[in-house]
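Take a look at the structure below.
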């Protein structure tokens, strides 16, 4: 018997090609192309926001999965914190929590890589996995400097050990919301105005240089404009009143030191978000990768605070390493149209700088005060 010839179907374009083609037709002016120096990852979703086309690897399933993981992790953290009651977090407890948050981020990245293998192929999955890992490491390392400032504020105001967890969990929730807003705003601007990459790069370059020369110098809280405004316009109580942010005395409302600390923590979150978010745009402009790596780095902030609280002086050279990382990332953004530094190289540079500064800090302890 003779079988009928098999009719071969023409190859269908993958999702990324389909979205890219549609994007180029509908919004040619807002599509980031390879010729602009930014190779977008495999696109699985595209949407228009305020007239600007946004392309991302994150489809509905990925965004939904990410939301479920983050909400579940935060609920578990809050339940366990409430179950344990107000207590001083030990170094051992902070260590295990820190390990758990890092493992959660790595597990999410592994799950993302496995999912993308079946939808966009091994090469794209590997590239996106590296982008997430590099972005996570950059944000995690920059969060260390954030933590040192948190510690200084809480020490200055004498925040009781039992209240520090509450302050930090509110700070983490605020940081997640703030960064989500800033990341989507940044992604929209970069999708529309490619030249902003040079602005971000120059900003990071200057920030890194400033950080290098200010390393080792504690900020003067007395000169902080926000604190001075609160002291000049609000009635501030000198005593803590448990978890209360304000109390009524003689018919007048007084704000507790806990309220002042929370406001300062929020301001610090804004300042450090402005510094750190442009850094990850040098790794990728995909809002899904930028947001997920940022959020997972922020989730471990509370545990990392208690882990590093007693070791701030031991890593005294780390601010210099962070300054070099910012200069490297800023330079990478400014030369992106001339030469695109591979993600793997960026990851290696960041790891090498962090390891070098940590090892040097341990080998060369800080000199005692007065020497």
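Backbone N, Cα and C atoms are what each Cβ position is placed from, and that goes for glycine too.
Among the residue ranges 222-240, 317-335, the one that TrEMBL annotates as transmembrane segment is 317-335. Under the criterion of 3 or more C-beta pairs below 8 Å, with sequence separation of 6 or more, the transmembrane segment (60-82) and the transmembrane segment (167-189) qualify as touching. The transmembrane segment (167-189) shares the most Cβ pairs under 8 Å with 258-282, out of the stretches 94-116, 142-160, 195-213, 258-282. If one looks beyond the transmembrane segment (195-213) by at least 6 residues along the same chain, the residues whose Cβ comes under 8 Å of a Cβ in the stretch are 37-38, 145, 189, 275, 278-279, 281-282, 319-320, 322-334, 336. Cβ atoms under 8 Å from those of the transmembrane segment (94-116) belong to residues 42, 57, 61-62, 65-66, 69, 73, 124-126, 128-129, 132-133, 136, 292-293, 296-297, 299-300, 302-307 of the same chain, restricted to positions at least 6 beyond its ends.
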